[in-house]
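Working notes, beginning with the structure itself.
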Amino acid sequence: MFKVDWDLGPVSKSASDQTKESRKEKKRKKGERKNVGDKGEKLNEKVLKKAKSVTTNNSLKSEIKKEKSVPSIKEKNKGDAKHTKLTSLQQKMKDKLDGANFRWINEQLYTTESDKAVQMFKENPDLFDIYHAGFRYQVEGWPENPVDIFIQHLKIRFEHSNAKKKNNIVIADLGCGEAKIASTFRKSRSLQVHSFDLVAPNEHVVACDIANVPMADETVDIAVFCLSLMGTNWQSFLKEAYRILKVGGLLWVAEIKSRFSDKSGEVFAKELPKLGFETKSIQLQNKMFTLFEFKKVPVHGKCEELPPILSACIYKRR
């Protein structure tokens with residue numbers, strides 16, 4: 001009989017069992033790889049978000065820093081103002097210089113003939129602005145401006161009463177300055193204003209010598225001299241007004257009282273009939289100036305020369 005030893009060691013697995021185990025192992029490893037991949041993606045997302053946040057914050061900080069480094073318009077203007085603002089001493093010196101320039105121009109206008117004044121402003125146009133800036137400053141201290149009184153008279157006496165008439169009232173503002181009368185009535189249907197001065201500061205004004213106005217004979221209803229009988233040949237201004245006025249037309253004059261030889265203007269009213277102007281009214285109540293209204297009447301023969309009844313208006317030096 002054969003003796004059989006049953007201790008054969010580990011029993012080998014069949015081929016089918018080995019195949020099943022191999023598949024399970026592959027699935028397990030695949031699952032592990034997937035889990036690792038998911039964790040890696042999540043980790044990458046977190047890292048990217050954090051990196052993006054850091055980048056954004058850094059860029060914002062950079063932009064804020066840039067904005068702070070660039071001054072605003074307000075700060076820039078404030079900085080410029082520091083450089084352009086005059087000190088009180090500089091301002092006083094500037095005011096003194098402006099006042100001296102105004103007085104010098106004013107003296108030239110009153111002590112020379114009008115043709116020389118025209119030439120002066122042609123050569124130096126800025127002088128006209130300097131003069132009128134100084135003149136505005138002087139007028140601010142007056143109780144009222146005579147041009148405003150003339151404007152009120154035009155509104156009350158002529159603008160409304162002439163509204164329905166076909167023909168306009170023609171006004172010549174002689175020595176108009178900045179043409180306040182023309183600008184006031186620029187839309188009026190009943191008043192037509194022609195403005196003349198040595199320089200044309202705006203569209204309303206025609207530059208000319210007041211002794212030679214570019215208007216036809218007897219075409220004007222009202223001629224106005226508002227503080228503008230300047231120059232040593234002021235009588236030629238009045239003769240020119242007589243030429244352009246219609247017979248029966250009105251001459252309005254406003255002048256500083258200190259210019260008249262009698263310090264009131266009554267002697268002026270008595271003398272003007274020699275030039276063909278009949279006195280209609282004279283207003284003496286204002287402390288600064290006198291207002292006149294004359295009417296043009298026919299003159300037979302040559303007009304007489306007036307005596308020296310109107311002196312130059314020279315401002316005192318401070």
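Backbone N, Cα and C define each Cβ position, glycine as well.
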According to Swiss-Prot, Gly175, Asp197, Asp209, Cys226 bind S-adenosyl-L-methionine; which one of His132, His300 is listed for that same site?
His132
Within 10 Å of the Cβ of Asp197 (S-adenosyl-L-methionine binding site), how many other Cβ atoms can be counted across all chains shown?
23
